[in-house]
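First comes the structure, then the notes that go with it.
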Number of protein chains: 2
Amino acid sequence: MSTPQARRGNTRQRIQDVALELFSAQGYDKTSLREIAEKLEVTKAALYYHFKTKEDIVISLFQDLAGPIDDLIAWAQTQPRTLETKKELIRRYSESLRAGEPLFRFMQENQPAVRDLSIGESFKARMLTLFGLLKEPDAELTDQVRCITALFSMHAGMFAMQNLEGDPEEKRKAILEVATELVTAANPPNRRPARPDSAQTASP
Amino acid sequence: MSTPQARRGNTRQRIQDVALELFSAQGYDKTSLREIAEKLEVTKAALYYHFKTKEDIVISLFQDLAGPIDDLIAWAQTQPRTLETKKELIRRYSESLRAGEPLFRFMQENQPAVRDLSIGESFKARMLTLFGLLKEPDAELTDQVRCITALFSMHAGMFAMQNLEGDPEEKRKAILEVATELVTAANPPNRRPARPDSAQTASP
DNA sequence: GTCTATATGGCGATAGAC
DNA sequence: GTCTATCGCCATATAGAC
C-alpha cells in the first residue's frame, strides 16, 4: 500500500534479514535488539512496532522455513513408500536446505535458545516425521541410526564441513550422495520380500 | 561429618559438576552464576573465589575433555595408517564420548557461546586432526564427507537420537557400527593398489 | 511508522568484613 | 573460603510525542 515514506514499507522484511544474519553469525543470545536496530539505522522502538518481542522475530523466520518442509512432507505422504521415493525425498530435502541454509544453521547452533522458543518442539516434530518417512516401520536400530545420520549429515554439512575446500555446490552433491547411500543401506530390498500392500511403482 | 559444611575442599569440583549440568540442560547464556550458586547453596562471590570468570568454568570443563582426546590422537599417530587402525580409532573415540557425553552435548549445542570462548578453535583443531587421521591423504570429496559424517554422527548420537527407544548402550553400539561402516567405505582397499609405503594388512 | 526518553530488572564482577 | 553489599552495565520492553 501507500505509506508516508514510500521508500520503505519493507521494513519488516529488512528486520528479518538483518536479524537472521546477526543471529546466525553470532548467536541468538549474543545479538541484542539494539544491535539489529543500529544496523538498520532505526531505533529499538521501531522494531517493537513490527514485532511484539524478540522471540517473535525468530518465530516469523521459522515460519518461512516450515512451509517448504511441510510441503515436502505432504508430498511424500502421497507417494508409495518405496526406496525410490525415499531417495527423491532426501534429494528434495537437500534442495530445501540450500535455500534456507542460514536459518538452518541458526536452528542447529542455537538449540538452547530455540528450545524454549516454542518452535523447538514443532521443528523436532517435523524431523521425526521425516525420519518416519525414511525408515522402515520395523527397522533395526542400526538402520534407524543410518536414517537419522542421513538427515543429520545434511544439516551438519552446512557448518561442519565449511572448512573442506571445494565448491559449495560440489559439497552439497557429495553430502547428498552419502546420505542417499545411508538411506539405501537402511532399506535393504531383500529384508521382507513378501508383503503385498506396498506395490512398487517406481517409474524412472 | 560434623557441620553441614564439613565436606569442603571439593567445592571446585562441585561447581564444575553443577555448572555442566545446568549449562548442558539449559544452555550457557541462559544459566546465570546466581543459579549455579543457589543450587550449590553458596553465594556468587564464592564462585569467584574458585573461578576468575564465568568463562573460566567452561574452560576448566573443556580441559577435562581435551586430555583423553589428545591421548587418543597421540596413540593413533604411532600406529600404521591402516584401515584397522582407523576402525580402532573411532572405537576408542566412541568410548571417550561415553565418558564425556554431557560436555560434548554442551559443546555441540552451544556453539555460539563456545566459539568466542577461545576454546572453540582448539576444539575444532582436534576435530580436524581426527579427520586427517581417518581420511586418505588424497581422498575424494565424497570419502571426506563420509569421514566427517562418521565423526559427527557419534557426537550427534548424544542428542539427536535421544528420542530413539532402546538401551543407551545398544544405541552407542549401533552408532559405532554405522560410523565404522562409513570409514570403511571411505577407505576402499583397492583404490590405489600400487603404493609401497602404506602396507595394507587388512585380512578378512 | 518512527522517534526520544525512560522504566525495570538481571547480569557479571568487585570490595571488604568475618 | 565464604559471606554481604554494591557497582556498572546492558538487556528487553513501554509510554507518548511527532
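In case you wondered, yes, glycine gets a Cβ from its N, Cα and C as well.
According to TrEMBL, the features are:
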{"type": "DNA_BIND", "residues": "B:32-51", "note": "DNA-binding region"}
{"type": "DOMAIN", "residues": "B:9-69", "note": "domain 'HTH tetR-type'"}
{"type": "REGION", "residues": "B:182-204", "note": "region 'Disordered'"}
Non-local residues, at least 6 beyond the ends, that sit with Cβ under 8 Å of the DNA-binding region (B:32-51): 11-12, 14-15, 18-19, 22, 57, 60
Taken over the DNA-binding region (B:32-51), the model's mean pLDDT: 96
Per-state residue totals over the DNA-binding region (B:32-51) - DSSP helix, strand, coil: 15 helix, 0 strand, 5 coil
